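According to TrEMBL, the features are:
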- 102-123: transmembrane segment (TRANSMEM)
- 135-153: transmembrane segment (TRANSMEM)
- 165-188: transmembrane segment (TRANSMEM)
- 194-214: transmembrane segment (TRANSMEM)
- 221-243: transmembrane segment (TRANSMEM)
- 255-275: transmembrane segment (TRANSMEM)
- 287-309: transmembrane segment (TRANSMEM)
- 321-340: transmembrane segment (TRANSMEM)
- 376-400: transmembrane segment (TRANSMEM)
Amino acid sequence: MAASSSSSSMASISRFLHKDCGLQARTPLGQISLRQAKLDARKWVSVPNAKIEGNCSVDLSRASWISPLLRSRQVLCKAEANISSGNVPEHAPTELSQYEKIVELLTTLFPVWVIIGTILGIYKPSMVTWLETDLFTVGLGFLMLSMGLTLTFEDFRRCMRNPWTVGVGFLAQYLVKPLLGFSIAMALKLSAPLATGLILVSCCPGGQASNVATYISKGNVALSVLMTTCSTIGAIVMTPLLTKLLAGQLVPVDAAGLAISTFQVVLVPTIVGVLSHEYFPKFTERIITITPLIGVLLTTLLCASPIGQVAEVLKAQGTQLIIPVALLHIAAFALGYWVSKFCSFGESTSRTISIECGMQSSALGFLLAQKHFTNPLVAVPSAVSVVAMALGGSALAVYWRNQPIPADDKDDFKE
């Protein structure tokens, strides 16, 4: 699966080059390994010995925390170029390093780790419950930091160049899904704590695991990273505001406390990461070579620990808790896709928005529930959502991986 993921990713890059830059190459760019794309993000880079008619520049700055292979590829062309197959640099490596292969394998097997963590959480909770509130906060903050380390100021400027595409994803995240959470809670007549927990998790930002699922599903990884970034920053206002509006009638909601915690756990580490990448790029590049493996381990623990902490409740009320959460994610995936199609987006973009809408940072919801709600049942839907989100998103990604993207798929993303 890992090898085919690399091939399909580079094939999409090849289509992008041909479409937007007018590149003509006898040797398919899909045969060039992903490692060739690791260029200095802050420099304009040209292809050695290439016959250039005009000026084509390549900037491959974006990355996703969980795998070097998810580093997005940005191509900015000012004119047309003509590159023959003989001009591809001979010194360029043709295979991934052993480390990258291991990271890609571990990343692709993310659902397996979630299943193992869930089993341990239910039957051996003591193995994962040591990651309680304080350590849980540190772990989640580290994931936010690692995401920030892969971002630059240019990524935010690119958000401004794609207001419609990113905006639809943002609305799907903070309008469609919160209303879904509220509607399901009311329709199923959940108790006030469980209804509040379901609404809270539906108001959380996109999760970083969505970038992995987008990669597997042949979606637009660059757009996924941008949408996750925007929804993460927007969470400082949107998560407490929406939770107060939709759940305030059920239980007291400390909107200010939610905002402060979200600011501390989400925004501060992200800003530190972005500034580090911008002003200390060499140091940052060394760090992000080891963060992927740490990220995989931490994400698994952040999935397993909530399950372990509510294991007894799950055993006693499993069905009552699983059904509303499963409905939330299934409906979010479906509506995210249909809304995108209604907006005339292409297949790749529609898959990306669907996954981004259906996969959120359930771990953040669990942390906020623990810190700001006295009833422990409020945290239960977030704990269940951690597993439902990971397994549902991964299953959908694998299904879409076996459904080809149309050759004439619409490109909705402006680099």
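Just so it is clear, glycine is given a Cβ too, placed from its N, Cα and C backbone atoms.
Whatever TrEMBL says is automated annotation, not expert-curated.
When the stretches 102-123, 165-188, 221-243, 255-275, 287-309 are ranked by Cβ pairs under 8 Å to the transmembrane segment (321-340), first place goes to 165-188. With a cut-off of 8 Å between Cβ atoms, the residues of this chain six or more beyond the transmembrane segment (287-309) that come close are 63, 65-68, 99, 102-103, 106-107, 110, 113-114, 116-118, 120-122, 124-129, 131-132, 136, 139-140, 142-143, 146, 149-150, 208-209, 362-363, 366, 379, 382-384, 386-387, 390.
For the transmembrane segment (102-123), the most Cβ-contacting stretch among 165-188, 194-214, 376-400 is 376-400 (pairs under 8 Å). Put simply, of 165-188, 221-243, 376-400, the stretch with the most CB pairs closer than 8 A to the transmembrane segment (194-214) is 221-243. Packing against the transmembrane segment (221-243) from elsewhere in the chain are residues 9, 62-64, 70, 72-74, 144, 147, 150-151, 155-156, 158-159, 162, 165-166, 169-170, 173-174, 178, 196, 199-200, 203-208, 210-211, 214-215, 253, 255-259, 262-263, 266-267, 270, 349, 352-353, 355-356, 361, 364, 368, 412-413, 415: each is 6 or more residues past its ends and has a CB under 8 Å from a CB in it. Packing against the transmembrane segment (165-188) from elsewhere in the chain are residues 159, 194-195, 198-199, 201-203, 205-206, 223, 226-227, 230-231, 234, 238, 242, 246-247, 323-324, 327-328, 331-332, 335-336, 339-340, 343, 345, 349, 352-353, 356-357, 360, 412-413: each is 6 or more residues past its ends and has a CB under 8 Å from a CB in it.
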